[in-house]
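What follows is one structure encoded as structure tokens, with my remarks underneath.
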Amino acid sequence: MKLTKLLTYLKNVPSYAGQEDPDITSIEMDSREVKTGSLFVCIKGYTVDGHDYARQAAEKGAAAIVAEREVDADVPVIIIRHTKRALAVLSDAFYGQPTKQLRLIGITGTNGKTSTSHMVEEIFRKAGSRTGLIGTMYTKIHDETFEAKNTTPESVTLQKTFRKMVDQGVDTAVMEVSSHALHMGRVHGCDYDIAAFTNLTQDHLDYHETMEEYKHAKSLLFSQLGGSFNHETPKWAVLNADDPASAYFAQVTSAHLLTYGIQNDADVMAENIKMAPKGTTFDLVTPKGSAQVTIPLVGLFNVYNVLTAAAIAIAADIPFATITEGIEGLKGVRGRFELVDAGQDFPVIVDYAHTPDSLENVLNTCRGLTEGKLFVVVGCGGDRDKTKRPKMAKIAVDLADEPVFTADNPRSENPLAILNDMEEGVKGAYYHSIVNREQAIFFAIANAKKGDVVLIAGKGHETYQQIGGQTFDFDDAEVAKRAILELK
């Protein structure tokens, strides 16, 4: 695509009057990826500023540079105000606006995004769709998976992925949309058909600073959804009637609304919920019909996830029989209330719970399965929201019999300092503090017996531990299996 043609998609940029009008062969934000003909977009990040690498990009063959200020480079430089947003728009245009050729479903919220997105994908596959998935665990194009670096990739990677999906015949893409991605403009230019909200509880306050700012970031998914009446296919906002933030999201969107819930009246509801150690049965009540469904998942949070997925499917006009069939065929997601079975006579559960709300929910669910003592191994991430540390500790102490505090990706922080922050919330309480995560897991499993439950919280599907700028292999489920086998 010619540079002048590409720049027409940036409506707030002065018309490009350079003598050169090169063919753009790729769009890059990392100077190391630049090749002959690339358009290099300078992005100022947390630790690195792309403007400092403009000359390097030009020397590697960049045809032009988009920047927020003057840079030292012997190629055309286009100055604009917001390069992050520009990167999203330019990437969308360069790859042929692929989301306009997909049914795009975005799911945002503090907890439940990963499980819900997998449920949605399963229902749509049952309906005959060829699906794509973008999320915390991986990116998936039909049956092929790729490692994910962020919950929501950078905009240029995102649009490139959508292009691959379209080229490989995908018709429906489901993606987790993080508050960071919304605030940074990574999804600017994505043409969503359905946007869904799971819940809003404390997380990422190291980045957003206040819950109001966090809520506003989430609301951007709904405010940019567009008007329902300007499209052949209506746009839908799917909202949790039991979460107070939904009222705000309903105000900022002009899309059609579809609600779900358990406590408050909603379009899609779960009634007569019955939980057992290995599954949950409830009545699914929707505008398309009602049916009793059984899922091999436990916990009220999983019922909410199913309701979100069902509401999304209804918004997409999937037949009710297909929705219930998809729900009945659901499987657990790795690291989400994952049962570890190595022949022991007590449940060991690995879960991604890393926020106060998610930890409380999963501990309450575990309590329902516990006849004896409830053990929880829990830590808090380094270089992240410090205010949730004492709250997480208090929840662990209040809801578990044997809380074990430990390290969970301390990153650049001293793990002992993180444990001290946690302990500030539980002075005088009973708990164990074992900084080495492997030793903490071994301790909990060594002391558990029949009738007890061991919950290992925080890392879920992650297979690494980040300590002091280094990344080490670490898998909670694998460590738990090893502990069970060695301690038999």
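Each residue, glycine too, has its Cβ placed from N, Cα and C.
Sequence-distant neighbours of SER115 (ATP binding site): residues of the same chain at least 6 apart with a C-beta under 8 Å from its C-beta are ASN302, ASN305, VAL333, ARG336. The secondary structure of SER115 (ATP binding site), as reduced to three states from DSSP, is helical. Annotated ATP binding site per Swiss-Prot: GLY109, THR110, ASN111, GLY112, LYS113, THR114, SER115, in sequence order.
In the three-state DSSP reading, LYS218 (N6-carboxylysine) counts as helix. According to Swiss-Prot, the feature N6-carboxylysine maps to LYS218.
Among the features that Swiss-Prot reports, meso-2,6-diaminopimelate binding site is placed at ARG384, ASP408, ASN409, PRO410, ARG411, GLY458, GLU462. The Cβ of PRO410 (meso-2,6-diaminopimelate binding site) has GLY381, GLY382, ILE418, GLN466, ILE467, GLY468 as same-chain neighbours under 8 Å, each 6 or more residues away in sequence.
Helix first, then strand, then coil: DSSP counts for the motif 'Meso-diaminopimelate recognition motif' (408-411) stand at 0 helix, 1 strand, 3 coil. Per Swiss-Prot, the feature motif 'Meso-diaminopimelate recognition motif' maps to 408-411.
Binding of meso-2,6-diaminopimelate is attributed in the record to ARG384, ASP408, ASN409, PRO410, ARG411, GLY458, GLU462, and the widest Cα separation among these residues amounts to 17 Å. The residues near the ATP site, meaning same-chain residues not in GLY109, THR110, ASN111, GLY112, LYS113, THR114, SER115 whose C-beta sits within 8 angstroms of the mean position of the site's C-beta atoms, are ILE107, THR116, GLU176, THR198, ASN199, ASN305, in sequence order. The shortest Cα-Cα distance between THR110 (ATP binding site) and any of the binding-site residues ARG411, GLY458, GLU462 is the one to GLY458. Over the motif 'Meso-diaminopimelate recognition motif' (408-411), the average per-residue pLDDT in this prediction is 96. If you draw a 10 Å sphere around the CB of LYS218 (N6-carboxylysine), it holds 24 other CB atoms from the protein chains shown. The Cβ neighbour count for GLU462 (meso-2,6-diaminopimelate binding site), using a 10 Å radius and every protein chain shown, is 19.
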